[in-house]
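Participant: Have a look at the structure that comes next, please.
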């Protein structure tokens, strides 16, 4: 019982860390992109991963965790796939949201002509951007909505994982709620839709691999992140500047890096260490589907905080969607907890019979204490 309680506390801690760090980096990046005009999202992500690797390397030298090498092909493929999925997501947003990137060009021209970044950007967005920004956010949310059904399909077909009707129903309620709250009318094109499809599939596979690799090779989230982040960072460092140039018609190396811009870039990179770590931790302790459910909770929180703190426009449709989504999350948590407890009760007698035959590494991976 105490072992199960310890695992539950560890899971709650991982979920909480993921929510706090994700909301923090959204606020930081919003200031960096919206207020300071730094629109190089893919390159910024490569810097995030590079700082994450350096931080973990320092932690390794301080012996805060143990390095555990495993199959090189697996970690190489996993790291590159993660990098590709990020690039595809940015590409799909770019090709489906031409108006948004035209807005960025307008913002850049206004800033260069007047030099008053914060005020001018606010004026430009107020005058030209509301509809395009809403469409971009709606497109991103629609892409995120597609990840859960795709993940369920892939795990069912290729991993023989079973999802009960209760869990499927709760996920359907959640997706309907988030869709009502966030998705508006969209105009998609063939290339953008194809890139969105590829982004969803690669993201799902990468998140499933995050979970299966940790269990197959008995490595922790920290060990997996330490070994895969260099490959992710390298992939994005190579393609990021070209991708950002294609989407924004700006050169990341020609950007004017003021002290304020550098401050927010450094802050964003530091927060990203926690974001990346908590992502691997949550997926390892729970599942890719649970991680996506948590992501939709963050979306609802961002909507609510935007209304309360920033007075963003908020309609009854948003409120209704958030309430429906919360019902879906509660039902999902309830059914998953009930099914996990049922499985634990079925396994408990068998584990008592086996006694000392169980592998202590597996116990450690699940958060259990091993007595010596």
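Quick reminder: no glycine exception, Cβ is built from N, Cα and C everywhere.
Source: prediction; values computed, not measured.
TrEMBL lists these features:
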DOMAIN    151-333  domain 'Sugar phosphate transporter'
TRANSMEM  12-33  transmembrane segment
TRANSMEM  45-62  transmembrane segment
TRANSMEM  74-95  transmembrane segment
TRANSMEM  136-159  transmembrane segment
TRANSMEM  171-188  transmembrane segment
TRANSMEM  194-212  transmembrane segment
TRANSMEM  263-284  transmembrane segment
TRANSMEM  316-335  transmembrane segment
Participant: List, by number or range, the same-chain residues at least 6 past the transmembrane segment (263-284) whose CB is under 8 A from its CB atoms?
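Facilitator: Hits for the transmembrane segment (263-284): 14-15, 17-18, 20-22, 24-25, 28-29, 31-32, 36, 38, 44, 47-49, 51-52, 55-56, 207, 210-211, 214-215, 220-222, 224-225, 229, 257, 290-291, 294.
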Participant: Cβ under 8 Å, sequence separation of at least 6 from the ends of the transmembrane segment (12-33): give me the contacting residues as numbers and ranges.
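Facilitator: Residues packing against the transmembrane segment (12-33) from afar: 39, 41, 44, 261, 264-265, 267-268, 271-272, 274-275, 277-279, 281-282, 285-286, 291, 294-295, 297-298, 301-302, 305.
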